[in-house]
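Listed in TrEMBL:
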| type | residues | note |
| --- | --- | --- |
| TRANSMEM | B:13-46 | transmembrane segment |
| DOMAIN | B:32-185 | domain 'Sodium/calcium exchanger membrane region' |
| TRANSMEM | B:95-115 | transmembrane segment |
| TRANSMEM | B:136-153 | transmembrane segment |
| TRANSMEM | B:165-187 | transmembrane segment |
| TRANSMEM | B:208-230 | transmembrane segment |
| DOMAIN | B:208-351 | domain 'Sodium/calcium exchanger membrane region' |
| TRANSMEM | B:242-264 | transmembrane segment |
| TRANSMEM | B:276-299 | transmembrane segment |
| TRANSMEM | B:305-326 | transmembrane segment |
| TRANSMEM | B:333-352 | transmembrane segment |
């Protein structure tokens with residue numbers, strides 16, 4: 001209880017970074033400064049998007065509420081990515097998608113298992129739900145690997161072919177995602193309603209809608225500023241777009257989930273903690289990715305679905321490790337550390353990559 | 001009951017395509033016409049090979065019956081492939097092997113799960129049997145991947161080396177297949193006899209043997225005509241051997257299994273349905289593949305075991321997705337749709353591949 | 001009982017190869033002769049290292065005993081590898097690491113399942129322990145694959161970068177290994193103590209320490225002689241370092257585990273048998289590998305963590321097949337044969353590789 005209210009206060013205090021970022025952008029300070037300030041500004045805003053969505057869904061009933069959650073759950077990543085696409089940083093967008101998936105699976109889940117396991121011998125969770133997400137992640141891997149192998153085995157296919165391929169695969173992913181909503185919100189909703197049932201709204205509908213709108217619009221402004229600072233950052237620090245995307249942008253976009261998943265795990269609410277970490281990874285793969293492919297066509301700067309081998313290897317290995325660790329429905333601190341160790345290997349390798 | 005007898009009538013009606021194909025070949029109509037006619041002719045013949053084998057095995061006892069089933073279960077694919085090898089289409093043969101494996105695992109099993117799950121919340125099946133097949137499929141993957149990696153990491157190995165390699169690996173696969181027969185028909189046959197026990201023969205031995213012979217010989221004729229039309233088809237439609245092999249030839253060769261697996265799933269007989277879909281995939285990998293390697297040596301046109309990366313990626317991803325989805329021993333419509341979605345991704349990518 | 005004492009006598013008789021090797025080296029016989037003699041000399045010595053460690057741990061209590069076992073469990077592989085590194089054979093060292101991992105997982109476990117299953121329908125073991133090792137092996141795969149993909153996707157990175165990368169990944173692996181010791185010897189030791197409890201020491205502490213020292217020093221001498229013979233062997237037999245490392249050196253280094261695992265499996269003590277086979281594989285991956293990377297820096301001949309694709313494919317496939325076969329907690333002769341079949345494919349492919 002106390003921990004939670006302290007955390008909420010911290011999030012409110014962090015809101016000060018929103019005006020600070022605007023001032024910094026206005027007086028034109030160094031890109032590193034702007035990158036840091038806007039990053040800190042996005043973290044509490046992402047938290048308020050999540051909170052207001054949760055509040056709203058307490059009024060709308062589970063079906064519409066689930067839809068709201070599914071749509072706004074990764075709003076921050078989506079908004080940052082759209083601004084990055086507009087800035088022509090499509091390689092960084094793919095890097096940050098990769099980073100979001102491996103970050104949710106290895107870093108967030110790893111921290112949840114580790115801190116959740118420090119005071120208990122083991123923590124139990126629903127293995128069936130974890131396996132269902134595992135299958136979805138394997139489908140996502142198939143959708144990401146096949147186009148990459150396509151390009152590897154063709155003699156430099158034309159941009160039009162790659163665009164058609166990306167679009168067709170994105171359509172299959174989007175349809176599969178819609179089917180998953182039909183499954184979880186309609187035909188098999190009883191499997192998912194247990195956790196929802198306990199929740200009672202703290203805010204009025206009006207307040208929820210107002211906060212949702214305000215925080216979404218603010219995230220958009222902050223994201224534009226953040227993305228604007230990245231190009232200069234690449235030059236001044238010598239870091240690659242790949243590394244910034246995979247590690248930093250991914251962590252900023254998922255900071256709110258990060259805090260929630262660990263707090264829940266420490267309270268022993270492992271099922272909800274897993275749902276946030278693994279659920280967020282599947283949503284990025286099956287919802288954010290196709291939406292970005294479609295959006296990129298409207299922006300006139302098509303983002304292909306061709307991830308590089310490095311990103312694919314990281315995603316595939318993360319999914320295999322997580323599926324293996326979660327399939328027994330139990331966790332302990334060492335399993336958390338194994339996930340963190342795998343993440344550590346990825347960070348090292350992405351950092352050193354030229 | 002009614003559904004089944006309607007289906008049986010449809011299969012009998014389809015037999016009309018056998019004489020139609022012969023006439024079309026005689027009057028020399030367009031390759032596309034011949035391809036379509038002979039495809040439709042093979043479908044009911046494959047069904048009658050399956051049915052007469054099943055009838056015969058009711059007389060022979062489970063050991064010999066199992067052997068008959070194992071041998072004739074993929075007779076159609078085998079016969080088509082042998083004619084294709086003779087015509088020098090060894091790349092198409094490998095494509096159709098790939099297509100048969102992913103088609104059985106994703107398309108047939110996906111349809112079975114989807115249609116079987118439309119009216120029920122979930123359907124249960126024996127997870128142990130599914131896992132055993134899953135392990136066999138992983139062994140098959142090892143046998144297919146290692147030669148490909150061999151070629152990738154050698155500086156263009158000599159044809160003789162590739163031939164020796166293919167032969168040696170095929171021998172290991174064949175021995176492993178023989179051991180699996182010893183296991184399922186002799187030392188551990190009690191694990192497999194439950195489903196068999198219920199079956200009572202409808203036909204006499206004579207009738208069964210006659211139909212088996214007649215349909216096998218007819219499939220041979222139709223396959224020769226079908227294969228003869230493919231080369232012209234590649235030219236006239238602009239489709240690749242890869243696409244025709246992976247999608248069309250594979251679907252034609254497995255059409256009978258397709259119908260059986262879905263019909264059984266809709267009746268709730270999931271174990272038998274899985275045995276047909278996954279069992280057929282393992283048999284193609286561990287029995288048809290080595291037999292084709294040996295046969296190709298006699299034909300003087302050795303087929304190597306070097307599958308391309310594209311085919312391997314498709315097989316590996318299919319096996320991983322199916323193993324993940326079947327390991328809980330339950331299915332529902334959404335899991336079926338996930339398999340179909342993965343198949344959809346494969347079809348799109350194979351279609352666009354130059 | 002009788003089998004065991006016969007085996008112990010055989011091991012004692014094999015000690016005769018230690019002086020024989022010294023004589024052979026002195027009178028300078030052919031490299032093949034020296035290779036064979038020193039190989040046979042190492043086998044009983046490895047057994048005595050294992051036995052004296054086990055004896056000692058009966059005195060020290062489980063925590064220190066576990067540490068002793070973990071450290072000396074792969075002393076033989078470690079010593080051979082260090083001499084090979086000193087001789088500049090770092091590619092052969094990586095080959096023998098690969099061979100030790102796949103040999104433990106496929107050959108040793110396969111023989112244990114096969115011979116253990118000949119007289120029984122099935123043998124049961126603790127699936128949870130097998131899964132925990134499976135997760136560790138997947139983490140090891142991540143640690144081995146990412147550096148290889150790094151090199152594949154970089155334009156020939158500088159030796160310094162590769163060295164830093166190898167060192168950083170090795171540090172993560174070593175920390176993860178230390179955490180696993182903390183887990184199994186301290187925070188969760190009750191999960192591992194059941195098997196230990198039964199054991200009563202046969203030897204005095206003095207005798208145990210003396211035998212441990214004597215056999216470790218002798219293994220060092222024999223390893224130096226063995227490694228010295230390998231280079232001439234490569235020339236005279238035309239076999240590759242890769243093949244010698246993956247198959248022969250790996251089998252020699254693990255011969256003692258081999259005998260123990262099969263003997264235990266035939267007595268029905270499957271848990272201990274699995275612990276030796278799979279546990280040895282995880283220890284090589286997570287302990288021997290980083291120790292060799294660190295040692296190689298001191299020797300001034302840095303060993304990179306860049307395994308070739310061939311070795312990686314073999315390790316990945318072995319881990320996937322073993323995880324799939326062990327996850328149900330049951331084994332039978334056919335599962336053993338499947339593992340042996342996979343090993344057979346590997347041997348054939350490594351033998352033919354130029």
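Every residue, even glycine, has its Cβ placed from backbone N, Cα and C.
DSSP assignment over the domain 'Sodium/calcium exchanger membrane region' (B:208-351) gives 121 helix, 2 strand, 21 coil.
Long-range contacts of the transmembrane segment (B:208-230) within the same chain: residues 18, 21-22, 25, 31-32, 34-35, 38-39, 41-42, 45-46, 48-49, 51-53, 55-56, 59, 72, 75-76, 79-80, 83-84, 87, 89, 92, 201, 241, 244, 249, 252, each at least 6 residues beyond the stretch ends and with a Cβ under 8 Å from a Cβ of the stretch. Between the transmembrane segment (B:165-187) and the transmembrane segment (B:13-46) there are fewer than 3 Cβ pairs closer than 8 Å, counting only residues 6 or more apart in sequence, so the two stretches are not in contact. Between the transmembrane segment (B:13-46) and the transmembrane segment (B:242-264) there are at least 3 Cβ pairs closer than 8 Å, counting only pairs 6 or more residues apart in sequence, which means the two stretches are in contact.
Outside the transmembrane segment (B:136-153) by six or more residues, the chain places 105, 162, 165-166, 169, 172-173, 176, 180, 278, 281-282, 285-286, 289, 304-309, 312, 315-316, 319, 322-323 with a CB less than 8 A from a CB of the stretch. Here the transmembrane segment (B:276-299) does not lie next to the transmembrane segment (B:333-352) in space: the count of CB pairs under 8 Å, restricted to residues six or more apart, is fewer than 3.
For the transmembrane segment (B:305-326), same-chain residues at least 6 beyond its ends with a Cβ under 8 Å from one of its own Cβ atoms are 94-95, 98, 101-102, 105-106, 109, 113, 125, 127, 130-131, 134, 137-138, 141, 143-145, 147-148, 151, 162, 165-166, 169-170, 242, 246, 274, 278, 289, 293, 335, 338-339, 342, 346, 349-350, 353.
Packing against the transmembrane segment (B:333-352) from elsewhere in the chain are residues 102-103, 105-107, 109-118, 242-243, 246-247, 310, 314, 317-318, 321-322, 325: each is 6 or more residues past its ends and has a CB under 8 Å from a CB in it.
Counting same-chain residues at least six beyond the ends of the transmembrane segment (B:242-264), those with a Cβ under 8 angstroms from any Cβ of the stretch are 3-4, 7, 39, 42-43, 46-47, 49-50, 74, 76-77, 80, 84, 91-96, 98-100, 102-104, 107-109, 111-112, 115-116, 226, 230, 233-234, 270, 272-273, 276-277, 280, 310-311, 314, 346-347, 350-351, 353.
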